[in-house]
Each structure stands twice: as C-alpha cells, then as structure tokens.
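Colleague: Below you will find the structure I want to go over with you.
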C-alpha cells in the first residue's frame, strides 16, 4: 500500500523524452502568450475608460471594478494550477480554460456592439442593472476564469520542456523569453487594439482580441506533438493535509534525535528518487509526520515520507516571499487605473496625432523589449562568471531589485501628479504633455521585468515535483492580492480622509481627477513600499533554497529498525544522507 502510494505521488515525473521539448516546443507557447496578451493587456489598461464612458461608472467605481476583475483573474489561476497538477495535463487545462476565455470575449464584443445593452445616454451613474448588468458581469467572470486558468497552467507547461538540472541555463532563458513574448504582445495591444477601442469602436477592440486569442490557442494545439507532457499525480492539497494531520496526531511523540530515524522510501520503491528533497531543520514540528512507530505498517494517513514533509516545508517557506510582493502589485494597479485617468486629463497630442491615454504604457513596454535581450545575452553571462548561478543572480535578488524600483516609481508618480495639477491651476487650457507619465511607467516596467520573471522562476524551481503549476500560480496570487488590496486602500483612504479633510471630501472622490489628491495616495504607497522592502529583506535572507538529494545517496532507516516496506531488516541500506546546503538569497 505504502509503496503504491509513493509511486503515485510522483507519477507526474515520467522519464523525459529528449526528442521533445526544448525551445522548439516552447516557441508555440511564446506565440500563444504574445497573441493572448495583446487583448488581455489592452483590456487591462483601457477597460477603466470603458466602464466610465460606456457603462457610466464613476471614477472610484471604475477603478475598483477593474482591480476586482484583475484580482479575480489572478486568484483563479490557482484553479488552473490545481487542476493541471491533479486531474488533467497542463496542455489540456490550457485548452479548456482558453475556450472559456474566448467565450467571454465574444460576450463582451456583443455587449459593446449592442446599444440595447448600454446605459441610456442621459444616465450619470449606477444605471447598469437587469440583463445589462448580467451580461457585463457574466462576461467579466468568465473572462477572469478563463484567463486565470490559463495563467495557472501555461508557465509550468513551458518550463516542463526543460530539465531543471541538465538544462538549468535554458530554463532561465525560457522565463526571460516568456516575459519578452508577453511584452511584445502587450506592445501591440496597448497601441493598435487600444487605438481601435478608443477611437473607432469598443466592439472592434474586443473583436480583435477575440480573434487573436483564438489563433493563439490554435497554435498551442498544433504544437502538441512537440511537447513533453506530464501525467497528473496525487492531489497536492491532499499531500499537504496529510502532513499536517499526521503531525498533529503525532504531536505527543518525542522529536527524533536524528533525521536518520525519519521514514523515507528507497530509490527502488519509488523509481523517482531523483526528486527526493533533503531534510531541513526548519519547522521541525512537521517532522513528526515522518515518524513511523514500531510494528506499524507504512500507509497513507499513518506516516509521510521525509520528502513529503519537506514539500510542505518548501511551500511554507515560500509564503513570506509571496506576501512580501503584494504591495508592489498594489502599486501596479494604480498604473492601470489612476495613471490612465491622469493621462486622459493631459495633453495627448504628438504633433497632430492624438495618443489614447491607455497607450502610454507602450513606452516601458518598448523599453523592456530592448532591455530583456540585453539582460539575457549580456548581463546574465557576465553575472554567471562571477556567481556561477545559472540565472546570473538568484531569483530572490532579482525580486528585491524590482521592489526597490516599484517604490521609486510611486514616488515619481506623485511628483508628476503635483506638476500636472499645478499646471491645471495656472492654465487649464494648456495641460502638460502625456509623456510626463513615461517616467513612472518606465521605472515600474523595469521593476516588473525583474520581479515577475524572478517570482515565476523561483516558484517553479523551488516547487515540489507534483506541485509545479500550483506553486507557479503563487506569482499570480500575489498579483490578485495586490489588486484586491488596491480596492480596499481606495475605499479606506476615501473614508478616512473624508472625515479628517477640511473639505470633507476624500482624496479619491468623484469623477474629476483635478479635484482629487491622487499624489498623496501615490506617496502613501511609496512609503508603504519602503517598509515592505525592509520586511522582504528579512524573509529573503531567512529563506533556505531547496536541496535535492542525489539519488544514489538516499537510503533508508525506519524508526527503531522496523522492517522496510519490502520486508526484512535494513543493513547498509538503512542510512539516509541528510546533508543540507544552506543557500541564503541575499
């Protein structure tokens, strides 16, 4: 029983087919990312205007609706990650959720086209109700579910095309390519699609997004013969719960004096022992789940292996890193809401051409499109010579750089808003140029380049073998919490400042940004980001990177020399090597 369960736990790790995978397979994934991101990012930066001018929402309602939608999208990535780890392959999961995403875009196109599904022209606010409201929120919910589910499985599908040990450098390159393809698609989205949406018709913008997304998933399907596809294994949630439950049941047992006394299965029994994880001394109370009593038969819900316990420890160590990046994503939400509204109140002309306010992110996107190849082909090889790290610098160092830059971006955003408002007070007919916003967007774009890829690679490489998709979804979970926190901050800041301000109006009230104090909100986030970075430094320094045990050196010694699963006492095979390589991040 115990042997069969151990094998099932690693069923996702079948021997690698070296004729498949690599950059040939990942190129199909890059194409999907570019095409899908065209519509996704275009909607992300412009939908606040769609809510304001088509659906007649006020400023705060528009911002909160968008941030709640984005938060839901990234939160639902957990569903895609869980399903692709447990029930379906990552490839199948992507296609199913892709179909849901396409359906949602079709519904949004229909609503944007039909005047009967719009509020009446004379309506000022809160006019979306009945069938109109159902159509709007149903399409948003489906879009969040489809987009989120795809994002929960797709990065892990791409990373599966590379062996984490033998192709470590290629894996690092893949994650940079992942961001580059997303960036190129987003660049087209925030220029071409946004221009069509805001200057031609919203339904044309949604329609183009629908077609691009459909083509992207068709390309993904065509690439199936080239993919290395994993077989789903045990539920990662069940494996986590087993460790916690058994550790609680064994809480009164004495702590083993040595890791050699903890239960582990042999290479012969598991056939996947190269994925075993070395024992660590952190969270030692969980080790009690790996205590096998004398004359007790190993089976599920009675004992866990050291590797299974260490999987839970790895996920637990990841949580502080996850929570330390939430504030940065709250800052990101402002660039897609209030900064777009800032741009709408500025001089948007480049010569005789009027630039749509949501298109201003094209500046950092173009900058990133140039910077990512420079980072990959020049900085990473140079850093490798110094650090001997496959990625040049550790993933947590990369995240730390992004957190610093995000705080600077918010401080700059506040300064630019002060300059914009001062000009409005001097002469409202001569607003400052839209391109003043490029400073905050460019700085945050670089921050995103460091942090997003750093987190994706960190969560994938550190994740246990059967939890790659779920763990990678932690990156999107951080984004989800950041967007939700943005909505909470907007409501709380408005409520608090409404009480204490002499004008009795909140910093972010109404629809006229010229009467608001968005700059104070930006500076509040900048200060909060600095505090958060100090918190991140502590947890990143505390984090211990996962160390895999060499397969040839993992041997067994059940507690009290009890017989092994296969029967018979162990002799030389009853020694477990527990060497720990403590690697600090910063």
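Residue numbers in this text run from 1 along the chain shown.
Any Cβ shown, glycine's included, is placed from N, Cα and C.
Automatic, uncurated: that is what TrEMBL annotation is.
Feature table excerpt (TrEMBL):
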- 21-53: transmembrane segment (TRANSMEM)
- 65-83: transmembrane segment (TRANSMEM)
- 95-114: transmembrane segment (TRANSMEM)
- 134-154: transmembrane segment (TRANSMEM)
- 174-196: transmembrane segment (TRANSMEM)
- 202-222: transmembrane segment (TRANSMEM)
- 359-378: transmembrane segment (TRANSMEM)
- 399-418: transmembrane segment (TRANSMEM)
- 438-460: transmembrane segment (TRANSMEM)
- 472-490: transmembrane segment (TRANSMEM)
- 520-539: transmembrane segment (TRANSMEM)
Colleague: Sort out for me which stretch, of 21-53, 399-418, 438-460, 472-490, 520-539, has the most Cβ pairs below 8 angstroms to the transmembrane segment (95-114).
Modeller: 21-53
Colleague: Considering only Cβ pairs under 8 Å, which range in 65-83, 134-154, 202-222, 359-378, 438-460 makes the most contacts with the transmembrane segment (174-196)?
Modeller: 359-378
Colleague: Pairs of Cβ atoms less than 8 Å apart decide it: which stretch in 65-83, 134-154, 359-378, 399-418 has the most with the transmembrane segment (520-539)?
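Modeller: By Cβ pairs under 8 Å, 399-418 leads among 65-83, 134-154, 359-378, 399-418.
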Colleague: Which range out of 21-53, 359-378, 399-418 gives the transmembrane segment (438-460) the most CB pairs under 8 Å?
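Modeller: When the Cβ pairs under 8 Å are tallied, 399-418 comes out ahead.
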